[in-house]
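As listed in Swiss-Prot for this protein:
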type	residues	note
BINDING	10-15, 79-81, 114-119, H134	FMN binding site
BINDING	Y12	NAD(+) binding site
BINDING	W99	substrate binding site
DOMAIN	4-190	domain 'Flavodoxin-like'
Amino acid sequence: MAKVLVLYYSMYGHIETMANTVAEGARGVDGADVVVKRVPETMADEAFLNAGGKADQGAPVADPKELADYDAIIFGTPTRFGNMAGQMRTFLDQTGGLWAEGKLHGKVGSVFTSTGTGGGQEQTITSFWTTLAHHGMVLVPLGYGIPEFFDISEVNGGTPYGASTIAGGDGSRQPSEKELAIARFQGKHVAELAIKLHG
């Protein structure tokens, strides 16, 4: 048995959708116990709602200390200028105690993202890896593990580094079936590796 956490931040719901799909892929692996949680919102409620934020997200809010309870953590964040969202950064900045005790060392880590126009998705994932590397986590990219990576018949997120979706400049585009297939593959791939390492 391997415990897998899908931990995300989503403002408009794109990453929430991706997170639930990643979890679906992980749950399809025998021996994977999968939980979906989100990081706390740091914006004031009124500002969040005025910006069009999606308030009705069902996942419970995580506490940084509980990351040590999992064998694998799959992180999801929208890109902010080629970096993770500030809400995710604030959450991870509270894991210094875990780092000092090596609590995440050897655990599996992977990242997925969303972008407005496609710019920054790979940079967001690889810059996120820096934090995971400092924790000593085993970084899991996707490579080109499923055919959807090679289909260029439509706008498509998804990179060898991690799943992604392109939301459009106004956020109106929702994750496509191909993007969701890549997200599902990421969950499955990480869960399988977590079981090999920790199961």
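Residue numbering: from 1, along the chain as shown.
Just so it is clear, glycine is given a Cβ too, placed from its N, Cα and C backbone atoms.
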To the nearest Å, how far is the Cα of F81 (FMN binding site) from the Cα of the residue listed as 'substrate binding site'?
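Between the alpha carbons of F81 (FMN binding site) and the residue listed as 'substrate binding site' there are 26 Å.
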Could you say which of the binding-site residues Y12, F81, W99 has its Cβ with the most other Cβ atoms inside 10 Å?
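Max Cβ neighbours within 10 Å, all protein chains included: Y12.
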According to DSSP, which of helix, strand or coil covers W99 (substrate binding site)?
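Where W99 (substrate binding site) sits, the three-state DSSP reduction gives helix.
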In the structure shown, which of the binding-site residues S10, T79, T115, T117 has the fewest other Cβ atoms within 10 Å?
T117
Can you tell me how far the Cα of Y12 (FMN binding site) sits from the Cα of the residue listed as 'substrate binding site', in Å?
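For Y12 (FMN binding site) versus the residue listed as 'substrate binding site', the Cα atoms are 31 Å apart.
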Tell me the Cβ neighbour count for G119 (FMN binding site), meaning other Cβ atoms within 10 Å of its Cβ, over all protein chains shown.
13
